[in-house]
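Everything below concerns the one structure shown next.
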Amino acid sequence: MTIALGKFTKDENDLFDIMDDWLRRDRFVFVGWSGLLLFPCAYFAIGGWFTGTTFVTSWYTHGLASSYLEGCNFLTAAVSTPANSLAHSLLLLWGPEAQGDFTRWCQLGGLWTFVALHGAFGLIGFMLRQFELARSVQLRPYNAIAFSGPIAVFVSVFLIYPLGQSGWFFAPSFGVAAIFRFILFFQGFHNWTLNPFHMMGVAGVLGAALLCAIHGATVENTLFEDGDGANTFRAFNPTQAEETYSMVTANRFWSQIFGVAFSNKRWLHFFMLFVPVTGLWMSALGVVGLALNLRAYDFVSQEIRAAEDPEFETFYTKNILLNEGIRAWMAAQDQPHENLIFPEEVLPRGNAL
């Protein structure tokens, strides 16, 4: 058996090398291979959202006004989901629904699928950008791993949930008030606030906010070296080797406050990474469960007792009645094509109605 030893030489003008050199060149805004996915998708998603909220009505899909042109403001404008009758169609501009007619495509809700899909790939491109840059400067990829949390939430809410339902119609529209309405829908139809995955998500997000506040305050509290500049931004160089705050002092302070404290910075910062990312992932898993119509906690014994005993009521049974009211109102409004009719006596009444 003969083994040939030698150096493999590539053509210096290889197209891949030329592309790689240009894409990863050191410039003010890094492009990279990930930029081929990120920049076009982000441009189209943001541009589609601005176009929809400025000009496009939701009259044909939801019976609503949803654009600045119709009198909405920033909080009430939205890019609305397609009609329920269009199910899970990708609503391509050249597809059988719009047949290349841009106006009809907008009327049918084509901008929603356009923004949702380009937005999802844009977020993935941003995560890949963090991977690529981390690899280039020999960092660990934890930034990209952390960003997987928001991606998981976006994909589960805007794509997986409506895929589990009858159509894109049941996804959130892209607007502030529209997403508020979607949250009310989630509560009324899925009792989302009593879902353990939602509870873990809330604990993760609020816990992360608490950790950030404590961490920032502690670092500021334990500063021991002042610079000559007028403020913090001018006084210290970001490339300085020495630290200007005391981990030992911070450790002693929190040991006295709680009885326990983080013993080193690695564990502290890993915990600050772990809490919010795990919370977001748990929320995403919960929404995937809702796509399959899995139920939250049901305390049936309390419901039965409340039905039998007029004097027995809990916060849980009151919330169940509230959910029934939400369903009774929203189903008839949001799904007029179903011809849902509720007798007057079962509809909730209050001071505002």
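Heads up, the Cβ atoms here are built off N, Cα and C, so glycines get one too.
Range with Swiss-Prot annotation transmembrane segment, chosen from 208-228, 250-270, 313-333, is 208-228. Between the stretches 83-96, 153-166, 181-194, Swiss-Prot puts its transmembrane segment entry on 153-166. Looking at 41-61, 104-124, the range tied to transmembrane segment in Swiss-Prot is 41-61. When the ranges 6-22, 125-141 are checked against Swiss-Prot, the one recorded as transmembrane segment is 125-141. Candidate binding-site residues: HIS118, HIS198, HIS215. Fewest other C-beta atoms within 10 angstroms, HIS215. Counting Cβ atoms from all protein chains shown, PHE262 (plastoquinone binding site) has 19 others lying within 10 Å of its own Cβ. For the pair HIS215 (plastoquinone binding site) and HIS198 (chlorophyll a PD2 binding site), the Cα-Cα distance reads 25 Å.
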